[in-house]
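For reference, the structure discussed in these notes is given below.
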Amino acid sequence: MTNLNYQQTHFVMSAPDIRHLPSDRGIEVAFAGRSNAGKSSALNTLTNQKSLARTSKTPGRTQLINLFEVVDGKRLVDLPGYGYAEVPEEMKRKWQRALGEYLEKRQSLQGLVVLMDIRHPLKDLDQQMIQWAVESNIQVLVLLTKADKLASGARKAQLNMVREAVLAFNGDVQVEAFSSLKKQGVDKLRQKLDSWFSELAPVEEIQDGE
């Protein structure tokens, strides 16, 4: 398994929906979460870049699918934040359609990172994202963000509770605590991404050799 240098990650493009994404080749790992789950902060922490993903003071601002390339053919995908109360209902439905379409149809999608505030995990739409991924045979890493907001005992209790709850999905769902501020869980995230990004390599090599 190759240890990728995530600091080399760079922005490629924004797309309003799956039809405007580049060709469905290589490997993609998508990041999804409610609008205030700390998704942009997690991407910036992962890549050790202050402004790779824009952190907005106005949750629900990111309405586009944003693509970042780690190395050639290996991409991180920042999906639109979901579930923000002040976003019009029609826009919410549009986002949810776009998210569902991406998870169901994108062949290069290898893994899904679902981010949730550790204090308010497993809201309806979080569960919907995990369910979609499991039904599409996509592995999931749940990051319980803002873990620094809880004392150690409460943090462990939440982590154990969510780990227990996700068993009901009957899929490959891993759960870790994460803090952008304290850099907690970053190594676990990198390890998971490395494993996802290396999974298709043998198949590609076989095809090249034919």
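Using the three backbone atoms N, Cα and C, a Cβ is placed for every residue, glycine included.
Taken from Swiss-Prot, the feature domain 'EngB-type G' covers 25-199. The GTP binding site feature in Swiss-Prot is assigned to 33-40, 60-64, 78-81, 145-148, 178-180; the stated evidence is sequence analysis. Look at Swiss-Prot and you will find S40, T62 tagged as Mg(2+) binding site.
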Largest tally of Cβ atoms lying within 10 Å of a Cβ, found at which of the binding-site residues K39, K146: K39
Rounded Cα-Cα span from S40 (Mg(2+) binding site) to F178 (GTP binding site), Å: 13
Cβ-Cβ neighbours of G33 (GTP binding site) (radius 10 Å): 26
Cα distance (Å, whole number) from S40 (Mg(2+) binding site) to L64 (GTP binding site): 13
Across the domain 'EngB-type G' (25-199), average pLDDT on the 0 to 100 scale: 91
Of N36, S40 (the binding-site residues), the residue whose Cβ has the fewest other Cβ atoms within 10 Å: N36
